[in-house]
Amino acid sequence: MLVVDYGAQYAQLIARRVRDADVYSEVVPHTLNTADLLAKNPVAIILSGGPSSVYAEGAPRVDPELFSAGVPVLGICYGFQAMASALGGTVAKTGLREYGSTQVAASGVGGSLLDGVPEHQNAWMSHGDSVQAAPDGFEVLASTAGAPVAAFADETRRLYGVQWHPEVKHSDHGQQVLENFLFKGARLDANWTTGSILEEQVDRIREQVGDARVICGLSGGVDSAVAAALVQRAVGDQLTCVFVDHGLLREGEAEQVERDFVAATGVNLYVANEQKRFLDALAGVSDPETKRKIIGREFIRAFEEAERAIIAQAQAHGEKIRFLVQGTLYPDVVESGGGEGAANIKSHHNVGGLPEDLQFELVEPLRALFKDEVRAVGAQLGLPAEIVGRQPFPGPGLGIRIVGDVTQERLDLLRRADAIARAELTAAGLDNEVWQMPVVLLADVRSVGVQGDGRTYGHPIVLRPVSSEDAMTADWSRLPYDLLARISNRITNEVEGVNRVVLDITSKPPGTIEWE
Ligand code: XMP
């Protein structure tokens, strides 16, 4: 089914909620004309909310033709008003705005959309205009203090609308309303499951790749691991993965790739051990942006060298490598223009971009998927939980978590402190409460301490646990004091050179998540 995006931040969320109900959904821009929209053969359409007022000059309109195509439609917020206006209802600016949680009262008419939803419910609203009169053929299903028509339905044409946002968690029965539309209104089948996603993607990869050779870079992160595992499932030994070990990963992460990932997938892995190369290139550099540039540059060089070695091997067998796997996700596709054509090439390793003259065609098996779907597919493919559930980790790795220049000794120290903090967070069962928890070494700062009988002059370690939805904004996580005490005790006792552990209690903004 299609979600038509009227420019709100909610369209992707609607698509996700629809997929939560096991129905495949795609987001399309509202600029797509009705003929092109219908050419996609949608089984149902949802018109999203949007920032406009239907009265505003240049406000996007809905073509009334859309409603006579026999496709069930649900309008949400702006989509609801635009639908009302297109079909001859009245939309007015009443001066009564409703933002946030609002009481919705059912009119008692019944019907499929509000089936099973209590007569009074709290729903999340964000509107200035409201529908005053429903178009002909529609029944009013609900109202609020500020919106005489807060939901309507024409069961014959299977057209529905709600003023509130059923896709946000703050709407008490939002998912129920969406599912009522999908299953009772539009009468769709729930067939978009992890198993079906996997089968479909495997078929697509086989079709695209044929018997050609494929190369893939692994970063240790979720996306590249799941993309590679899918391609491996589809074309087996035609795939070779490259893992550039830059020595800036956390404890156990290189082993996760080299041992656990290979054991779970049976993939051909080419490992480039480049720890010394990165350390040498970073020697004496403390400026964070310079570090990033150096790490990105060296990464691309190391990747290209590995690629040349693999191509040389392949050519020895009379084969060329034709495809490169990229872990592009659906939100990137939507944000770069809505799913048609090639998405911006995102570097598979999150460190720096790949060179523009790369001579490969792209295989992007995650292009249709949201992150939670990627994790589910990874689990279904048998990948280890540590890889599938991994929190975000920056491409430049520990290189940008040492404030100061990067040395082997400092990397070892930070790796131990980070491993302790992560192990204690996991043992406390709080992994899911925290979006990510950077552990930072202030290598340029020293402070006085007393340990055993002696005075120490050591470095502080900063804990930066944050909660976030998307890393754009974040708040510091309120971890329990006894957990923080255990982490602090263990780090100061077990990691030589550290005599102080501090907690970062800054939100983003004004702070960023990482320190560099
Ligand atoms: P900030 O520090 O900007 O981080 O609040 C937002 C998110 O991005 C990650 N991050 C990076 N990821 N390369 C990456 O691949 C980088 O250079 C980089 N810097 C920050 C950070 O971990 C957080 O998830």
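Cβ atoms are placed via backbone N, Cα and C, with glycine included.
According to TrEMBL, the features are:
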type	residues	note
ACT_SITE	CYS77	active site, nucleophile
ACT_SITE	HIS165	active site
ACT_SITE	GLU167	active site
DOMAIN	192-390	domain 'GMPS ATP-PPase'
BINDING	SER219, GLY220, GLY221, VAL222, ASP223, SER224, ALA225	ATP binding site
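Features as recorded by TrEMBL, highlighted on the structure.
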| residue | record | Cβ neighbours (10 Å) |
| --- | --- | --- |
| CYS77 | active site, nucleophile | 26 |
| HIS165 | active site | 23 |
| GLU167 | active site | 28 |
| SER219 | ATP binding site | 24 |
| GLY220 | ATP binding site | 24 |
| GLY221 | ATP binding site | 21 |
| VAL222 | ATP binding site | 23 |
| ASP223 | ATP binding site | 21 |
| SER224 | ATP binding site | 25 |
| ALA225 | ATP binding site | 30 |
Sort the active-site residues CYS77, HIS165, GLU167 by C-alpha distance from SER224 (ATP binding site) and give me just the closest.
-> GLU167
Do you know offhand how many angstrom separate CYS77 (active site, nucleophile) and GLY220 (ATP binding site) by C-alpha?
-> 41
Using DSSP, would you call GLU167 (active site) helix, strand or coil?
-> coil
Which value does the mean pLDDT take for the domain 'GMPS ATP-PPase' (192-390) in this predicted structure?
-> 89
Round to a whole number and give the Cα-to-Cα distance in Å for the pair SER219 (ATP binding site) and GLU167 (active site).
-> 33
Can you list the residues of the same chain, besides SER219, GLY220, GLY221, VAL222, ASP223, SER224, ALA225, whose Cβ falls within 8 Å of the ATP site's Cβ centroid?
-> LEU218, VAL226, GLY327, ILE387, ARG390
